[in-house]
Amino acid sequence: MELTLNEKKLLVVLGSIGTADTAVLAEKMDTRREAVVQYANLAGERGLVDVEKHVARRYVPTEEGRAYMGKGLPERQLLESFEETIPMRDLQSHPLAKIAIGWMRKKGWIAIRDGVVTKTGKTAPGPDEAAFARLAENGEIADGGGVADLAKRGLVEEEETVAYTVSITPRGRELLSQGLDLREEAGTLTREQILSGEWKSLPLRRYDVTKLPRRAYPGKVHPYQRIIDEMRRILFDMGFEEMSGGIVQSSFWNFDALFQPQDHPAREMQDTFFLGERRPLPAGYERVRDMHEHGGGTSSTGWGGTWSAEKAEQCVLRTHTTSLSIQHLAAHPKPPVRAFCIGRVYRREAIDPTHLAEFEQLEGIVMDEDVNLRHLLGFLKEFYAKMGFEKVRFRPGYFPYTEPSVEPEVYVDGLGWVELGGSGIFRQEVTEPFGIEHPVLAWGLGISRVAMLRLGLRDLRQLYRSDVEWVRDTPTYGGRR
Ligand SMILES: N[C@@H](Cc1ccccc1)C(=O)O
């Protein structure tokens, strides 16, 4: 049997005292209690010592509980603050009134009639007060009596202490009587010890290679952020540049520039978070106005009616990242443009496992001479394939700013076809006011959905919870399933 030096030292100490708890052993061995527990468990597996675990539960006061220490429970303090009767209004001005009046009534100590509070005479302390008095005396208290009531009120909380006693077994004694080699063990060898051959005669520390190490939790990137990073990588690899912009946008950029009519249902209060702030309209906004009112210089008839600059100035939390795409195009009206962004958007949704009021979109635009629908479908297919979704199909859709409009769907085993966003080619009504003369392919994909599918989640909210266990248990490897 190969004992570690520490086990041997433990046996030597126990040889003289037989039994001791780990606190005593730690002191005698000049080490920490956790170390003693570890040595004792090793020696215990070999049958040389017995390790006994004692769990002690006790209750200690919470912060609120400490505030009442020595003064008594709030209802007792309040009861003693007046003689036989008191007008309710006066009683209510006592600092403890909020908590204590309810308890006095519940305990039957007072009756309230016509705004006057009268003591009932039945005001003897119950088990909770007795427990509280004992707690005040000792600083802690065992379970039982009225302690449960105090715990329910949040005045005490449970504290658990674990202690171990270690005793030497007959086998341990026998081994000890045979004499133990107490020379220091070498845990690492020096170059000299190896070259000179001295290592052969050194007592070496043994390692148990069959033991699993304790799990380590180094810092790591959140699973959702890893997927987002992967998507950015893919788009950079496909030759896209990244656009950026604020989450607060004027209605002009979020809606009007995208030829969304001012009375469009998506612009209603129940769908969009409107802000009090306003932003001035950009130079040249008149072309957008004209497009809305009568189609500007194009063959479009526009939406008709009068376009309101005031409505367009009003700020919103962006409802889609398409508000960034159109600004990028306005700033870069000449081809080629290949740009993307991944950003949070906001909608007034009823929240459920698959709908949140905030979520992320991946937005992309491609403008070039002669790009067409086939290119758009190709880009989307390629992107999804790189994300690990092999089967992709497209259904016709509708957006006020694209024609044609397409809704991509991916096939997921067990779920079937899942819709993942919208896409299309920007209408002339969108591009013309900004002097854009070539077709623009555009898409906006809900990527929290993608992340949910990739991570096998049933509830979208998991992506946004501070759930450390889940973050720890989600592997970092294998982007793809
Ligand atoms: N903005 C659309 C998606 C989309 C983007 C670009 C073109 C067409 C559609 C949405 O939020 O659902």
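Just so it is clear, glycine is given a Cβ too, placed from its N, Cα and C backbone atoms.
The domain 'Aminoacyl-transfer RNA synthetases class-II family profile' annotation in TrEMBL covers 224-475.
Per TrEMBL, L-phenylalanine binding site is recorded for Thr322, Gln361, Leu362, Glu363, Tyr401, Phe426. Sequence-distant neighbours of Tyr401 (L-phenylalanine binding site): residues of the same chain at least 6 apart with a C-beta under 8 Å from its C-beta are Leu258, Phe259, Gln260, Thr322, Gly424, Phe426, Arg427, Glu429, Val430, Ala442.
Listed in sequence order, Gly424, Ile425, Arg427 are the same-chain residues at least 6 apart in sequence whose CB falls under 8 Å from the CB of Glu403 (Mg(2+) binding site). The Mg(2+) binding site annotation in TrEMBL covers Glu403.
When Cβ atoms from all protein chains are considered, those within 10 Å of Glu363 (L-phenylalanine binding site) total 24, not counting its own.
When the binding-site residues Thr322, Leu362, Phe426 are checked against ligand 1, Thr322 have a Cβ within less than 6 Å of one of its atoms. Taken together, the residues of the domain 'Aminoacyl-transfer RNA synthetases class-II family profile' (224-475) have an average pLDDT of 93. The Cβ of Leu362 (L-phenylalanine binding site) lies under 8 Å from the Cβ of Met231, Leu235, Thr321, Phe340, Cys341, Ile342, Gly421, Gly444, Leu445, Ile447, each on the same chain and at least six residues away in sequence. Taking Cβ-Cβ distances under 8 Å and a sequence gap of 6 or more within the same chain, the neighbours of Gln361 (L-phenylalanine binding site) are His320, Thr321, Ile342, Gly343, Arg344, Val345, Gly421, Gly444, Leu445, Gly446, Ile447.
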